[in-house]
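These notes concern the structure reproduced below.
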Amino acid sequence: MCLIGVEGNLFQFARLIDAKQEAFSFFKYISYGCYCGWGGQGTPKDATDRCCFVHDCCYARVKGCNPKLVEYSYSYRTGKIVCGGDDPCLRAVCECDRVAAICFRENMNTYDKKYMLYSIFDCKEESDQC
């Protein structure tokens, strides 16, 4: 994710994250650990960072569109995010974002401020495989 030249999907992803959390901002995940932010390498630092690793892997499996640029449809039903639309690629991107938002919520207790604005150069371990 990159804030410069922000496109549609980043805003949607931010809204999904914020919808699943109370008083916790999407921006706390930018440049967190080894995988939250643009790119990624090494071993995820904690469960929160692993959410980003899994999200990156999910995006890598999406075929037929650019996950970081597309806009998809979704709604909230009884407190749950529901991905909509007929396009399989857009639904897949939405599902990646939905699962990540839930993962962040479920792992809020692992969030460690020492990994905020973490340098990718400190992620020297061998990268995990998707």
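Numbering starts at 1 and runs along the chain as it is shown here.
Glycine too: its Cβ is placed from the backbone N, Cα and C atoms.
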Checking Swiss-Prot: of Cys89, Cys94, the cysteine bonded to Cys83 via disulfide is Cys94
According to Swiss-Prot, the cysteine among Cys2, Cys34 that forms a disulfide bond with Cys123 is Cys34
Among the candidates Cys36, Cys58, Cys65, Cys89, the one bonded to Cys52 through a disulphide according to Swiss-Prot is Cys36
In Swiss-Prot, Ca(2+) binding by Tyr35, Gly37, Gly39 extends, among Asp46, Asp56, to Asp56
Going by Swiss-Prot, the cysteine from Cys51, Cys57, Cys58, Cys89 that pairs with Cys65 in a disulfide is Cys89
Expressed in Å to no decimal places, the gap between the Cα atoms of Asp56 (Ca(2+) binding site) and Asp97 (active site) is 10
Cys58 (disulfide bond), DSSP three-state class -> helix
If you measure between the CA atoms of Cys57 (disulfide bond) and Cys96 (disulfide bond) and round to the nearest Å, you get 9
